[in-house]
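Undergrad: What follows is a structure written as structure tokens; I'll ask about it next.
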């Protein structure tokens, strides 16, 4: 008994001490919570200030073959710490010349204005006064570094440099409006990093990536930045755009606009079987030059009365309702028809009219009188049936594109306050209603595709670090817009229009085109039409017997004398069709090598970002990678069963050697070195216009040939 | 009801405490490993929760096996063997550390299939060993002196080896052995000698560090920590230390806490799920919950005292005392460090902190205590141990 008693009493003593300790802890916790509150508030604030977000790299927007349409390169802002000791010493002497230099450099405000701003900020002891009204590139930054005051650097001259990536389109203006833009931000061009228009806006979620977080921490007296969460780079958007076809489309359109001195024009090339938009060009006149300034192809400003291209819809409606057949005969008389107090003219009525014609001929000659007579005789008693049929084709609904700002199609409905007695007649040949060029093309594409209406697609896939994340499949809007008989007759009429009708000028010896011209007077608003202002268009597809591509070309307000769809928009259609036909075999899916279909071969990359190369190697299951890359860029050599990596140093002030790199790596390196880059072609860099290792002048342009 | 089932043998209150702690562990580990999950498990925030569920489950299973199938006497038999295995493993890891074969602080021994900290095994082994020796030499002053010498020499070797890589575990184990000696009726004279020597060693280490800059790094760590604790952290004016984060967490928690999963501070702390977990408990569930958690460990301690009182023999009594002391001390260190009462050191909160194999060693400790408790219950009911081991007893019945 004695042992137990002794043991237990000794434990009791320990228990007592532990209880005491517990009391101390409770007391301490209460004191932490109740006393010295300010210190904790300060630390909590510090905690947030010590948190630094790390921006991810925005994903690229690529063409279907992977060539880069939009990517990010570094850009800079410069601020000045006007309360720095070094600045104070020299401010009074040099501030005026700094203002002079800034004014001369940016040209956005006078020297006096810059002086006023600087002095106000100086009096307010502004520690981070923004000097750059816009993002500057590396070359410009180097110049600014030599400005008065600033040339003394961070400590002497209070110069603060902020890096923020900026978006560039290495292929120039190609499909620029469809690729889209980043917003310009709320502070006059600063911090524009959110996708806003076009695909940049539509796929912002995927492109933007995820911010990382790092903390500034004090470890044993040393401040270190610890990356807590790595930033996740944005995903790459692979569009359906084909660089070659886009180039063809855009240059054909540009030449034509210049020749006709038009306000704007758009041309869209769509793959019939898939609905993929292979090319989309939008050019508007701005200060005498044509630039991608608005997406007329699908936006609200491009939403116009379609004119004669709509006759296809009207006649198909009547055929579908079994009211007419292509061989029925109507009398178009002298090409002038007075209907309910208004007069309908054929475009060529001055030559005396065509008299009696079959429906097919009416379409081929694009007779307004003919089409109006057909539709009036068929639907005058029941216009609702006609409009319902148009709705049934699915034309009254927008296409539901991912890009913001799609123009809303507009069709009047009998009973509406603006449904006049003449509306049915005018509607029949494309007036008193509105559609975007892309909406018209979608309908024509459906006819080419034997009645199956596909939603136009701009994006094929989304990839993250090269790994497929999301694949977009063709989307069917209407599996059969009309019976196959109607569609078949429509195809014959379109073919006929190009063989014997208004589209005759498009004939060529190699393949047949099917399509329809359109010439619409442009409405100025309340009912009136402006004299001499036309919207010329041409919609169709080729080759007529086995359609591969459909195209619409729309030219607004040509001033060159000609204004008919056939003579203004037609040549653009023809040029695109012929050149695309010539190269189209290049883009057929390559047949798989039956001998060895699976063996992965590491692409012939000579150098590039080490992360990218290692990632590609991992994907191809190449395990044997030797060499220890410390530099972010490496050279690559293939060995028997693996890869050997080696360091790649880029000497300062010399043109970097980017031959053998992928376009994206090459652009990043060159832009970072201070060169402006233009690329041509697809694939890896074959040659560069500035020799590697050569010295280069500020902001020099370097052309890369890919292949 | 779970507790009515026959498999949860031994002290029901301790089982209850364990299950409450398990629940708390899962809640806190899930919410405090967010940042860690991004670092180590590519953002899969479930990763560490799943892991913790696995190890807690395995630990509870291990306890059930021990309570239901293992006799207390087995631990006595294994004690000597285990202590020498521990010393061997510690030697191996120390050797590896000095030959530069191991990465990190040299606390972990990687055996291919599993990796664990030999110090964890050593803690339990040395306590078993101490309990056995103390139990065996209780008859006379001479006996106790002999016991003291045997124990202190073994403890010196084991703690010395642990000290090389981990000061606080070494100190914790030594303190545990020391209290066992105290409870085991070793004359106070000897204990005072030990205390005197201990103070001497710490003072020596401290001055060694200031005199010889080339002394081993751990010596400097000890000195630095003592300096910081006494003089205040020189960094605290410029930046934020771990201890500041912990205090901030306690401050932000208030009386009732921010609510489950609402902890902000855990995102910034390096060891929120581990050495400072108590601070995060207070941040999320408040001061009252913190006091309650502390209370749970004290309840556990109290139940252990009851077990010791009911024990019929000396070995189980000392065993329970030792293991309980170790666990409660460890808890108090974590609580003390988190609240700023003790200098910063890394001890997990037993059965709550995120852990791997170390959780299994903790469960062995609890398992031993529960085994003894179960044996007591059997003894009082049928006056006969249920599982007989045919070996002569080396310890004494306390009633004689």
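Backbone N, Cα and C define each Cβ position, glycine as well.
Whatever TrEMBL says is automated annotation, not expert-curated.
The model shown is predicted, which means the values in this text are computed figures rather than measured ones.
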Undergrad: Which one of these stretches, B:35-52, B:53-70, B:215-232, shows up in TrEMBL as transmembrane segment?
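TA: Residues B:53-70 are the ones TrEMBL records as transmembrane segment.
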Undergrad: Quick one: which of B:170-186, B:238-254 does TrEMBL have down as transmembrane segment?
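TA: Spelled out, TrEMBL records transmembrane segment over residues B:170-186, not the other listed ranges.
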Undergrad: Of B:77-99, B:376-398, which range does TrEMBL call transmembrane segment?
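TA: When B:77-99, B:376-398 are checked in TrEMBL, transmembrane segment belongs to B:77-99.
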Undergrad: May I ask which of the stretches B:77-99, B:111-135, B:349-374 has the most CB pairs under 8 A with the transmembrane segment (B:53-70)?
TA: B:349-374
Undergrad: Tell me if the transmembrane segment (B:77-99) touches the transmembrane segment (B:170-186). I count contact as 3 or more CB pairs below 8 A, with pairs 6 or more residues apart.
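TA: The transmembrane segment (B:77-99) and the transmembrane segment (B:170-186): touching, no.
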Undergrad: Between B:77-99, B:111-135, B:147-164, who has the most Cβ pairs under 8 Å to the transmembrane segment (B:349-374)?
TA: B:111-135
Undergrad: Hey, which bits of the same chain come close to the transmembrane segment (B:314-337), Cβ under 8 Å, at least six residues off its ends?
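TA: Hits for the transmembrane segment (B:314-337): 72, 75-76, 123-124, 127-128, 130-132, 134-136, 138, 168, 172-173, 175-177, 179-180, 183-184, 243, 246, 275-278, 290, 293-294, 297-298, 300-301, 304, 307-308, 343-345, 347-350, 353, 362, 365-366, 368-369, 372-373, 375-376, 394-398.
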